[in-house]
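As recorded in TrEMBL, the features of this protein are as follows:
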TRANSMEM  20-42  transmembrane segment
TRANSMEM  48-68  transmembrane segment
TRANSMEM  80-104  transmembrane segment
TRANSMEM  116-136  transmembrane segment
TRANSMEM  148-166  transmembrane segment
TRANSMEM  227-245  transmembrane segment
TRANSMEM  265-283  transmembrane segment
Amino acid sequence: MISIRTLLEHPYNYTPTEYITILFLVLSSVSFALHTGQAVYFRTWWTIPTMVFAGLLEVLGWSARLWSSKSPSLLSPYEMQLTCTILAPTPLLAGNFIILGSMIQQLGAKYSRIPPWWYTIIFCSFDLTSLLAQAVGGGMATTAGGHVMLGGIAFQMATITVYILLASEFFVRYFNDEPLNRIQRSRCFFRLDEKYNPEESSVETAFNEAHRNDSGDRGAMDFKLEIMSAALLLSTICIFIRAVYRTIELTDGWSGKIISTQRYFNVLDGAMIIIAMYIMNIAHPALLLDTNLSEFADAIRYLGARIFQ
């Protein structure tokens with residue numbers, strides 16, 4: 001069991017290398033600035049609580065590690081970097097869930113086992129649960145806290161696994177043109193009235209329009225969607241690798257070899273998340289998706305409100 005005395009004397013079991021922390025701080029800051037600028041320029045406000053927030057957490061986390069490189073025995077920067085770097089991938093992953101749902105809507109929801117709306121609702125709900133567990137555990141910085149964080153990350157890894165399986169099935173069915181029939185497909189828990197309602201809100205209209213297209217024609221996989229698909233795949237792989245590393249790291253314990261080896265963290269956590277962030281800077285959904293994700297996000301909120309009425 002980790003002791004308070006051990007944490008106070010040398011929480012990392014090593015001293016973070018200053019030039020490495022500066023490098024990652026610069027890289028994360030640039031990506032964060034780009035995501036913020038892209039959110040404003042393209043008016044993709046849904047990226048603020050996802051990609052932009054992930055970038056902010058990475059900047060804070062690497063700032064704390066830079067602080068620790070000068071004062072390695074201080075507990076405050078250690079706890080700050082631990083919490084921020086643990087949490088950062090979670091909102092980034094939520095962005096991937098939203099993008100996949102939009103792509104399915106564009107390519108043909110009849111190839112998906114669940115409606116595109118539910119990718120966002122179900123997986124973002126799971127993501128939020130994981131985020132809360134990791135936040136609580138990160139704030140404890142004890143053996144019990146490590147167990148809570150481990151549970152949160154393990155849950156996140158399981159969520160990513162299910163997400164990958166469903167996404168893989170969708171793309172296999174799409175490329176083979178093998179749509180699911182009505183019995184095979186999981187439907188929403190309710191259907192909205194498909195008849196035109198002159199009094200419906202713009203958000204209701206957006207939802208109803210997309211819902212009517214759930215079993216629509218097969219969309220074309222153009223060059224932009226090919227790039228978006230590749231970007232989504234690479235980003236998800238990077239986040240999954242990081243989740244596997246963190247799970248093994250926390251299983252090994254606070255004073256284990258893995259958490260005490262700096263290069264493992266730099267490569268399997270820091271580099272993976274930086275790569276995932278820059279992938280979404282380059283292959284930004286505003287540039288590659290035809291679907292209006294602002295309307296998509298509005299309709300998701302409307303659907304959620306209907307569920308909890």
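Numbers here mean position along the shown chain, with the first residue as 1.
Placement of Cβ uses the backbone N, Cα and C atoms for every residue, glycine included.
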Residue numbers, six or more beyond the limits of the transmembrane segment (265-283), whose CB comes under 8 Å of its CB atoms: 20, 24, 27-28, 31-32, 34-35, 38, 51, 54-55, 58, 62, 85, 88-89, 92, 95, 227-228, 230-231, 234-235, 238-239, 241-242, 245-246, 249, 259
Of 20-42, 48-68, 80-104, 116-136, 148-166, whichever stretch has the most CB pairs under 8 A to the transmembrane segment (227-245): 80-104
Non-local residues, at least 6 beyond the ends, that sit with Cβ under 8 Å of the transmembrane segment (80-104): 46-47, 49-51, 53-54, 57-58, 60-62, 64-65, 67-68, 111-112, 116-120, 123-124, 127-128, 130-131, 134-135, 137-139, 141, 149, 153, 156, 160, 163, 167, 170, 225, 228-229, 232, 235-236, 239, 242-243, 246, 269-270, 273, 276-277, 280, 285, 289, 291, 293, 296-297
